[in-house]
């Protein structure tokens, strides 16, 4: 007997078969009518959707301009993002599932080894992004034979794009240097400063520089200088046409329409302050610098440039990791995520733009969990409370202890209770802080006091070999999905902007890039040899 639930369906199908010949002509007419109507409807929807997208992204330019924003989170590994997300959720009483801006654009991961080590440094890591090749630790945009390699920034400028560097480190530090200089050692920051303003074989390639490290631009007669020579690089830059913003007030008040490229604003003698120590009245945040740079480059590129290449680095995430300072580390990551959110908003309004965010390496070997008493089974927890009340970085606290000659009262009342929110310091911890006179050792001891209470672990004060997260958003971002060698980030940028790194490399080597021309204030071009230490 036929199944009752299936019988009506069979009967309906049989009637259709019997009537099919009679209705075939009518069906054909209906198909033609509905087909024409369907195509018209699809075209109408497509046109409406396209108009909506164009209205939302009114900046889409039929000229084919493209922008690439490469964001580098120095020393930032996968555990650091977990740390920051947990901390953000906890301190703001947010529900489980709340994401940070970076979490929303995760596409893959990047492998980080250099040519001579499984654990890279920032110089080799940034050279991979800039030149698309592996090199030795310490190398600034040179290959393993110390020969210069063309960078994506140099090639972008060659092709008619505007270029910029925004960092929270010295502008001559390893990462920014790798995009605009070529030296055998990252220690050669005096030479890097000269090349960044255009005193080398290719001439000026950078249009905008924001960050710290103005000591590298001051003559050694200046008490704030860190140069070994008497060159006044600021004066040299001004003579070469650079606009120089020398304080926060000028930086804040500058409008994009009034900015004159090339432009630099180096607002700290050394690295810029950590976010936890930053005075917003005196120092811009990474987000503020990023937004200012984007506004200026966008306005300037509207005239005749193809678009721009901008590198933005959250430099001090790494340095907090070196210090194993969890409270400072987490705030640097949150500040970087704020910058990410601002750049994402920019990409939404400029659909010819892609943002890439990646780390050169992980620092500290961070684990979000820690074995306390080795004789007991570990607690499955980590405690953000231990970080919420911390007011200063260990980098600031350690010198303050030394300046107070390791005064016990200062350590217990001001440092531990007020600045670090530690009210349960042990006798051994206090005694160690009173007897340790090295700033470096004090920095490590202070970081350990916080990490133990937060139940966070660190494997090293250096880098690790762990793969790092890869994030992307905007035009062709999906092409970065998966696990990539760090050199493939450069390959993507080359394709995105239509660059020719080989041509730049040939030009560098053919013009004797082993030497850099230096224009003195009152004299002709002279020659300086690179340091190769």
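In case you wondered, yes, glycine gets a Cβ from its N, Cα and C as well.
TrEMBL assigns the feature transmembrane segment to one of the listed ranges (32-55, 80-103), namely 32-55.
A simple Cβ count within 10 Å picks out one of the binding-site residues 74, 313, 360 as the most packed, and that one is 360.
Cα spacing between residue 175 (Mg(2+) binding site) and residue 122 (active site, phosphoserine intermediate): 6 Å, rounded to the nearest whole number. Cβ neighbour count for residue 322 (Zn(2+) binding site): 21 (other Cβ atoms within 10 Å of its Cβ, all protein chains included).
Listed in sequence order, the binding-site residues near residue 122 (active site, phosphoserine intermediate) (C-alpha within 10 Å of its C-alpha) are 74, 360, 361, out of 74, 322, 360, 361. Of the recorded residues, residue 322 (Zn(2+) binding site) and residue 313 (Mg(2+) binding site) place their C-alpha atoms 17 Å from one another. Less than 8 angstroms from the CB of residue 318 (Zn(2+) binding site) sit 74, 75, 76, 122, 363, each of them six or more residues away in the same chain. Cα of residue 360 (Zn(2+) binding site) to Cα of residue 173 (Mg(2+) binding site): a distance of 14 Å.
The Cβ of residue 361 (Zn(2+) binding site) lies under 8 Å from the Cβ of 74, 75, 77, 112, 119, 120, 121, 122, 125, 463, 464, 465, 468, each on the same chain and at least six residues away in sequence.
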